[in-house]
């Protein structure tokens, strides 16, 4: 659909043309200048996006993890440059950029102006007298000789952060789906999640399958971690004896523990290092599930009708807390009593935090914990059986 607004003044005819496409969120705006006067005409296309200082209530989780709310722009040196409200408060930002785009981001949505890619546009930010934050651009001067016509064009997008659509509109615009500093890991994860969804047709089941694949990828590392924990659990009675022998003498206790670990061929860090290696992937998956608009209003089963919001009946967070409790029972008891008390509280604390997490994220943790329990229980039973056999 094409809508035209026409205006004439001093022999110059102006047409402001809006081109809409069915089912799409972008519109093309074209200014046509028909100069029928005796004088040359010159002007610039100016476009801006304005927002007040109110916060986005949907962008913060129970832990205070907030998705980015603010402006952004493209430059040749920095394809995705954030310009926060605090940056604008510090003063105006002015840059000359060939092509590019300027945008406002709010969790799952983006509004962006995309000027002529072949022109060098002046991008600027400012704060107006009403306290509104503004980002916009000014195109190069359009000169139209007497009796001639000229036109300039820009595209406005206002819609969800669909990466495929944004990438087609302008290079770098898909980066507004902000996966944080681990974006180079998160993007392949999202690509895989999309392909799983293309087969299953349900984002909830896709999250479950993706979690299983990632868990399978790290199976050897997880196994090494759980073996170390199982060995630590097996020597727990010996550690208790050492504690009775050395009492409050921490130095002697530490030396005795190190000698015991050396004798039993246990690396006290063996349970931690494999987990640390996996953390970048799990953090990336966290941001994929938090940032991807595909999760918005996506149902799973029964009471889960939207994977992007909290579980309305808190069933998944409670299950997640239960899996944490079971997994904790499989781990060796910390030798320090205070640390042991803190660890016992962790399932309760995490359950409370996860009450307000998006259901898709909680589903991931439930599946991951369940798989971890199965793997750890199997390894623990195997090592304990071998220990008993050796003792006999």
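Backbone N, Cα and C atoms are what each Cβ position is placed from, and that goes for glycine too.
Residue ranges 347-367, 368-388 are listed, and TrEMBL annotates 347-367 among them as transmembrane segment. Annotated range for transmembrane segment in TrEMBL, selecting from 243-265, 266-288, 289-311: 266-288.
Within the chain carrying the transmembrane segment (203-223), a Cβ under 8 angstroms from the stretch's Cβ atoms is held by residues 189, 192-193, 196-197, 274, 277-278, 281-282, 285, 289, 294-295, 298-301, 304, 307, 360, 363-364, 367-368, 371-372, 375, 379, all 6 or more beyond its ends. Within the chain carrying the transmembrane segment (347-367), a Cβ under 8 angstroms from the stretch's Cβ atoms is held by residues 61-63, 203-204, 207-208, 211-212, 285-286, 289-290, 295, 298, 300, 304, 306-311, 314, 316-325, 328, all 6 or more beyond its ends.
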